[in-house]
Amino acid sequence: MHRLQVVLGHLAGRPESSSALQAAPCSAGFLQASASDVVVVHGRRTPIGRASRGCFKDTTPDELLSAVLTAVLQDVKLKPEQLGDISVGNVLQPGAGAIMARIAQFLSGIPETVPLSTVNRQCSSGLQAVANIAGGIRNGSYDIGMACGVESMTLSQRGNHGNISSRLLENEKARDCLIPMGITSENVAERFGVSRQKQDAFALASQQKAASAQSRGCFHAEIVPVTTTVLNDKGDKKTITVSQDEGVRPSTTMQGLAKLKPAFKDGGSTTAGNSSQVSDGAAAVLLARRSKAEELGLPILGVLRSYAVVGVPPDVMGIGPAYAIPAALQKAGLTVNDIDIFEINEAFASQAVYCVEKLGIPAEKVNPLGGAIALGHPLGCTGARQVVTLLNELKRRGRRAYGVVSMCIGTGMGAAAVFEYPGN
């Protein structure tokens, strides 16, 4: 029941994607560099904590956000006043975290002259923040901006849909927007034949990949250690420094996963083990116009090549990436075969398996360091976290390559973005 209330914003009709100018690949298969490119300069994230019982259960979201804002600026030695705008993805904090995010800005030493907004597109909020900042750069509003995502699922009011018209009872799609996310996962599994065995196998792979990545130090470059305090049952405070994700379970086995009962529906196949974790965390991504980055001597970690959002039926919202990814690839002039890494959010194994199979993506290209089933899914943070993880992994590999970030979105949508790593 707890998961039924807290697993939000995830998950066959054919959605239409908007038309866009096609980018033309160069003869080597990569897009031509341009002074007007929107580039990713740098990105950092906090460790991801388990909501309500983990390392950040007593840490406010403004502190999590401040930690990554401060780290990104310090890492590249950028003066805070040089930021043209800040966009913060958030889902569950009051007012989409508008006040909380502005407080975090000031806690990070960023002056009041730098504007800030928050955005809530549910589980794609962090990626939408990236798109919003990129849009401001493209339209000439500024040359440098910060895109962030943050969520404290511990310190949030869940299960409150607010004031909604009674007319939703007359409209099937409107009613479907209130279907619990776990039930949408069951709908995907039943409608598209995703077995419990496949879901558990996908979940096991996520845990194994994350455990391997953690043991090899693959997350060190992206994680900002956070010093905070936790309270025990007696109210005593203890200061701790958190430097790695809490949700990774190296001892996970198929046998253990098979013992878990369905979390949302009698006879169902979605369990706590093959669903994303309820989590706390934050991430920040610094973007700039290529010409400005070069002028200031800033590094270029990646290039944003395209972004797309599509709509899908709300009752199977988890299929969103299966339609958003082709739309983003089309805008970039690329195909599935051109992509080295797909960071697809693991809201539920059911929908992730469906999307991977629908698009024919080789398993080795999907979430090579694990995903939300193992790492956790702080709703507003996830999209920004995925960008940071993707580009750091491409950097580790060292060669020029493309990667995709994608996720499903509660109420029936999917989002995807294509990034290029320029090579060492």
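For all residues, glycine too, the Cβ spot is worked out from N, Cα and C.
For the residues K173, K198, K292, K365, the entry in Swiss-Prot flags N6-acetyllysine at a single position: K173. The highest number of surrounding Cβ atoms within 10 Å, among the recorded positions K234, R249, is found at R249. When every Cα pair among R249, T252, S276 is compared, the largest distance found for this CoA site is 15 Å.
Taking the Cα atom of each, R249 (CoA binding site) and K173 (N6-acetyllysine) are about 38 angstrom apart. Sequence-ordered, the extra residues of this chain that approach the CoA site, with Cβ no more than 8 Å from the Cβ center of R249, T252, S276, are A203, S206, Q207, A210, G247, V248, G273, Q277, I373, A374. Neighbours of K173 (N6-acetyllysine), defined as other CB atoms within 10 A of its CB across all chains, total 12.
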